[in-house]
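Student: Summarising the annotation, Swiss-Prot assigns substrate binding site to ASN66, MET95, TYR124, HIS163, SER185, ARG186, GLY187, ASP226, GLY227, MET228, ARG229, GLU265, PHE292 and lists sequence analysis as the type of evidence. Under the heading Zn(2+) binding site, Swiss-Prot lists HIS269, HIS333. The annotation [4Fe-4S] cluster binding site is assigned in Swiss-Prot to CYS408, CYS411, CYS415 on the grounds of sequence analysis.
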Amino acid sequence: MTQMEMARKGIVSEEMKKVAEYEGVDVEEVRQKIAEGRAVLPKNKLHRVSKPMIVGEGFSVKVNANIGTSQGFSSIEEEKEKARVAIEYGADSLMVLSTWGDLREIRRTIVEMSPVPVGSVPIYDSAVKSYQMKKNVVDFSEKDFFDMVIAHAEDGIDFMTIHVGVTRRVLERVKNSKRILKIVSRGGAIIAGWMIKNNRENPFYEHFDELLDIAKEYDITLSLGDGMRPGAVVDASDSQQFEELFVMGELVERAREKEVQVMLEGPGHVPLNEVEMNVKLMKKVGKGVPIFLLGPLPTDRAMGYDHIACAIGGALAGYYGADFLCYVTPSEHISLPDVEDVREGVIASKIAAVVADVARGNRKAWELEKRMALARKNFDWETMFDLSLGRDIAKKKYEERPYPDKGCSMCGPFCAIKIAEEFS
């Protein structure tokens, strides 16, 4: 049975117990939210996930870290290190988005080593296979769409981004739009190119029931990808974006009817004043479905510091109801990220998630904030470091410029906490 099937039958899985303990909530709340489709617990039947996560209404905001190879940079060892570092610094899940090398070996290696859920975008494999055969990247068959989904499922992938909302009607609207950047989703562009070349409807949309059957067999959580998401803040919140959203909203109901877990992916470039509207509209159209946002970035001028822009947008999005944040690294829009970029990206998005949790009144988040306050009051540096999202950096800076007494070298003998303690 799938996690949703079990939840609807009143059965509590081991994974449900684990996430309930982590969240500090009653397991019945976990079971009920999964049964209603307001939360998902990504867990392929073939993947041993020792650190499962629950994504959705009423639970802590989660962070995903993308890793994966590209042409000229296809070291499995580097990707393993990226995965290790991402998990060490708090990533709740990984997505393997490789486009070069032995894609299946890389994917299987990461799934095997990962204690957290692993996601992917199967359509990439179809395009890469065609390119490596010296063909056009969209020169593959309709059968390849589903063969790749099955291959990823067999490899233990827990959740998949499927750009099912890229329909002929949506595509026609985009072609005739005034968008500066027509399509920036790689998966969306591949499918759109295939549709135009073959003058056909999107197979994922046309044969959605077949996709659901595969997902149910392996208990894959479907993340309905927004292939028409805006690629610039000046293109945000246009009719093309919302046309696709409404298509995906209809498909959410069909997935729930088949007892397949489903999420909605949202835009990655959104002005700050439009974040609330976008998140709330997605929640409404998706009838409370978990929301997975790529960022979002509230400015496109932060190249080299996109992880900071991402944290700003992500914190606000999380506060307004986004459940799952995909990190952005300092290398976004510039190059393939290295291990250090992955670390910086995870920390930035974890900060955004924690900020949102505190603002939403998450009990566990508030307990941790209280522990930090008490540690600062007591000059308990080790506890402060342990509670910090950037523990290594915090400890390194403290040790580089030490102070021999209580407090730190910022204030020295003029420490406000120490003075207040002495004269109170």
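Cβ atoms here come from the backbone N, Cα and C positions, even for glycine.
Source: prediction; values computed, not measured.
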Student: Only counting partners 6 or more residues apart, tell me which same-chain residues put their Cβ under 8 Å from the Cβ of CYS415 ([4Fe-4S] cluster binding site).
Tutor: LYS406, GLY407, CYS408
Student: In whole Å, how far is HIS269 (Zn(2+) binding site) from ARG229 (substrate binding site) when you measure between their Cα atoms?
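Tutor: Approximately 8 Å lies between the Cα of ARG229 (substrate binding site) and that of HIS269 (Zn(2+) binding site).
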Student: Using the Cβ centroid of CYS408, CYS411, CYS415 as the reference point for the [4Fe-4S] cluster site, which residues of the same chain not in that list have Cβ within 8 Å?
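Tutor: For the [4Fe-4S] cluster site, the extra neighbours are TYR403, LYS406, GLY407, SER409, MET410, GLY412, PHE414, ALA416, ILE417, LYS418.
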Student: Could you state the CA-to-CA distance between PHE292 (substrate binding site) and CYS411 ([4Fe-4S] cluster binding site) to the nearest Å?
Tutor: 42
Student: SER185 (substrate binding site) to CYS411 ([4Fe-4S] cluster binding site): how many Å between their Cα atoms?
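Tutor: Distance (Cα to Cα, whole Å): 48 Å.
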Student: Rounded to an integer, what is the Cα-Cα distance in Å between HIS333 (Zn(2+) binding site) and TYR124 (substrate binding site)?
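Tutor: On Cα coordinates alone, these residues lie 18 Å apart.
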Student: Which one of the binding-site residues (ARG229, HIS269, HIS333) has its C-beta surrounded by the most other C-beta atoms within 10 angstroms?
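Tutor: Neighbour-count leader: ARG229.
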Student: Give me the count of other Cβ atoms within 10 A of the Cβ belonging to TYR124 (substrate binding site).
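Tutor: Cβ-Cβ neighbours of TYR124 (substrate binding site) within 10 Å number 22.
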Student: Please report the number of other Cβ atoms within 10 Å of the Cβ of SER185 (substrate binding site).
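Tutor: Excluding its own Cβ, the number within 10 Å is 22.
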Student: Just report the maximum Cα pair distance in Å for the recorded substrate binders ASN66, MET95, TYR124, HIS163, SER185, ARG186, GLY187, ASP226, GLY227, MET228, ARG229, GLU265, PHE292, no decimals.
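Tutor: Between the outermost Cα atoms of ASN66, MET95, TYR124, HIS163, SER185, ARG186, GLY187, ASP226, GLY227, MET228, ARG229, GLU265, PHE292, the distance is 20 Å.
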